[in-house]
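Only one structure is covered here, and it is reproduced in the block below.
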Amino acid sequence: MYWQLVRILVLFDCLQKILAIEHDSICIADVDDACPEPSHTVMRLRERNDKKAHLIAKQHGLEIRGQPFLDGKSYFVTHISKQRSRRRKREIISRLQEHPDILSIEEQRPRVRRKRDFLYPDIAHELAGSSTNIRHTGLISNTEPRIDFIQHDAPVLPFPDPLYKEQWYLNNGAQGGFDMNVQAAWLLGYAGRNISVSILDDGIQRDHPDLAANYDPLASTDINGHDDDPTPQDDGDNKHGTRCAGEVASIAGNVYCGVGVAFHAKIGGVRMLDGPVSDSVEAASLSLNRHHIDIYSASWGPEDDGRTFDGPGPLAREAFYRGVKAGRGGKGSIFVWASGNGGSRQDSCSADGYTTSVYTLSVSSATIDNRSPWYLEECPSTIATTYSSANMNQPAIITVDVPHGCTRSHTGTSASAPLAAGIIALALEANPNLTWRDMQHIVLRTANPVPLLNNPGWSVNGVGRRINNKFGYGLMDAGALVKLALIWKTVPEQHICTYDYKLEKPNPRPITGNFQMNFSLEVNGCESGTPVLYLEHVQVLATFRFGKRGDLKLTLFSPRGTSSVLLPPRPQDFNSNGIHKWPFLSVQTWGEDPRGKWTLMVESVSTNRNVGGTFHDWSLLLYGTAEPAQPNDPRHSSVVPSSVSAESPFDRITQHIASQEKKKKQRDSRDWQPKKVENKKSLLVSAQPELRV
């Protein structure tokens with residue numbers, strides 16, 4: 001009997017290990033870490049019925065802990081008993097999947113999400129021991145580095161708030177006397193009245209003296225704690241959301257801290273980063289009270305480590321879509337996103353599915369000397385830029401701090417997104433009828449490239465606008481934005497054309513070592529459906545595998561000659577799984593005529609001849625309108641431009657490369673002992689695409 005019991009226990013232990021291995025294999029993704037326990041379970045009924053949902057949950061030892069969406073069909077559920085085994089939990093979930101009233105039930109695992117601020121590298125070790133117990137002397141944190149601020153002439157609007165004069169980004173304080181022209185919007189009478197902004201983060205201190213009068217409970221909730229109070233835990237680490245909120249809506253004239261960009265706006269916060277973050281947590285945050293909240297500001301995202309591809313899950317993607325379709329009474333929620341802080345690791349925001357979403361307005365950073373900070377990431381989905389800082393010797397962003405204080409050292413792209421949200425609030429007050437697409441149009445049209453032109457990487461797109469992979473269309477200009485908002489007409493309906501590239505045999509195509517391949521599509525503007533003649537967003541969905549994913553570079557060439565580096569090389573990305581239909585996004589061809597030849601250049605910077613993989617497919621998604629965005633905009637010709645059917649800019653680039661290779665071979669042939677030249681293999685592939693409208 002004793003040995004039988006021992007054998008049973010050993011068998012049970014082995015079975016548990018097998019189940020654990022199977023469990024880990026289910027969630028192998030883009031990282032090598034072990035699979036964590038599910039953090040949330042979402043149950044979705046076929047029809048809305050709260051009473052039935054609670055009854056089903058109770059019958060299975062579960063309880064309802066809120067809803068991720070406003071549709072009433074979806075519910076967070078948790079196991080009442082904390083002692084249930086993993087196997088028992090699986091049995092319950094499996095049984096519920098067969099329930100006739102349940103459409104789906106899904107266990108969700110936590111996702112890695114990082115706030116996009118940082119400690120200055122040269123002082124991080126000094127603050128490590130005290131960062132969890134920050135106290136304030138007067139208004140300013142005594143743990144912050146000493147910064148000598150440049151003093152400027154008194155601002156036009158003499159607010160008595162003690163740190164206002166030090167808010168250089170509002171007071172012509174950047175090099176050359178530049179700022180974001182916010183005072184011009186204020187002088188027109190706009191400060192964000194009747195606009196509600198919600199900060200999706202680690203919570204906000206709603207009773208802060210510089211926020212309390214503007215606090216909006218309808219734009220706030222605590223998803224981590226399952227209640228309505230977004231107050232963060234007082235552990236020293238959860239100040240990020242409060243700081244972001246202060247940038248938007250710090251009260252003006254109360255002789256405390258500084259002044260928010262939209263100091264009359266209503267400000268709320270969602271506590272969602274102070275705990276496990278799953279797809280459903282993100283969806284619930286992005287869906288909160290969408291008919292009341294105008295702007296959602298997020299300064300977080302996946303790891304900025306130079307080796308991760310990650311983005312919103314299916315529920316969060318659904319939340320984005322529902323937001324732009326139904327939010328703000330059908331005008332669309334406005335989602336503002338920080339572009340990322342992985343520049344020092346040569347990361348690209350193209351690998352971040354939040355900044356590459358069509359539905360987000362991605363914002364970058366510039367320093368007081370109008371340069372790119374060391375942490376800045378590059379990608380063609382960035383629309384515009386606001387100010388931040390780069391190191392401890394430069395002034396950073398002034399805002400409120402926890403507990404009940406102020407700070408001079410808010411930084412990173414975390415600081416840039418809330419400034420953009422505040423500026424957008426000014427424009428929405430000027431014209432509340434602006435749709436989410438209207439806002440993207442006027443932000444890129446009024447962005448000012450001039451302060452940032454001394455940086456490398458600027459080019460001109462096919463409609464004459466300056467573009468940059470670091471800064472988008474330039475520095476946001478609040479005054480210009482408000483003035484354009486006042487006269488802006490709602491843009492025509494957006495249409496989408498999809499072109500699928502049909503890869504000829506061999507399919508998939510082998511790729512090895514150091515190579516270059518060019519895949520071209522002829523686009524006719526969707527003649528068989530509603531045409532897209534004036535571009536907005538352009539997406540490329542690509543699938544490939546390669547021995548070292550970070551060695552690949554993807555560049556898209558438009559018919560008008562605009563080149564967008566969709567994916568630069570990322571030296572730290574050693575992943576060999578590749579990507580599957582990843583949605584790369586470019587906003588750099590905005591306004592162009594899409595008709596003509598589009599070319600996707602896929603190349604490798606690998607120095608290893610033996611590394612290889614396969615290229616499977618790619619699709620081109622064109623978002624835009626059949627008519628000009630505004631009545632007075634120039635119209636494209638009804639005939640495909642002759643420059644498209646003739647030699648395109650991409651053809652000239654290809655010919656130049658071939659010419660240089662030919663000259664190099666001729667030089668080598670004249671040598672007594674010719675050197676071995678390893679030229680890139682170039683394969684130009686053209687095919688008629690399959691068109692889906």
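In case you wondered, yes, glycine gets a Cβ from its N, Cα and C as well.
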Swiss-Prot annotation, disulfide partner of Cys379 among Cys349, Cys406: Cys349
Among Cys35, Cys406, cysteine joined to Cys257 by disulfide in Swiss-Prot: Cys406
Site-mate of Asp347, Glu377 for Ca(2+) 3 in Swiss-Prot, selected among Asp304, Asp310, Asp401: Asp304
Among Asn370, Asn518, residue with annotation N-linked glycosylation site (source: Swiss-Prot): Asn518
From Asp201, Asp202, Asp210, the one annotated by Swiss-Prot with Asp161, Ile251, Asn254, Tyr256, Gly258 for Ca(2+) 1: Asp210
Env. residues of Ca(2+) 3 site, Cβ within 8 Å of mean position of Asp304, Asp347, Glu377 Cβ: Asp305, Gly306, Gly340, Asn341, Gly342, Gly343, Arg345, Ser348, Cys349, Ala351, Asp352, Tyr375
Rounded Cα-Cα span from Gly258 (Ca(2+) 1 binding site) to Asp304 (substrate binding site), Å: 30
Recorded positions listed as Asp201, His240, Asn254, Asp347, least Cβ neighbours within 10 Å: Asn254
Shell list (Ca(2+) 2; ref centroid = CB of Asp222, Asp227, Asp229; cutoff 8 A): Thr221, Gly225, His226, Asp228, Pro230, Thr231, Arg271
Average pLDDT across the domain 'P/Homo B' (490-628), rounded to a whole number: 94
Cβ neighbours of Asp202 (substrate binding site) where a neighbour is any other Cβ within 10 Å: 26
Packing count at Glu377 (Ca(2+) 3 binding site) (other Cβ atoms within 10 Å of its Cβ): 31
Among Asp227, Asp352 [binding-site residues], residue with fewest other Cβ within 10 Å: Asp227
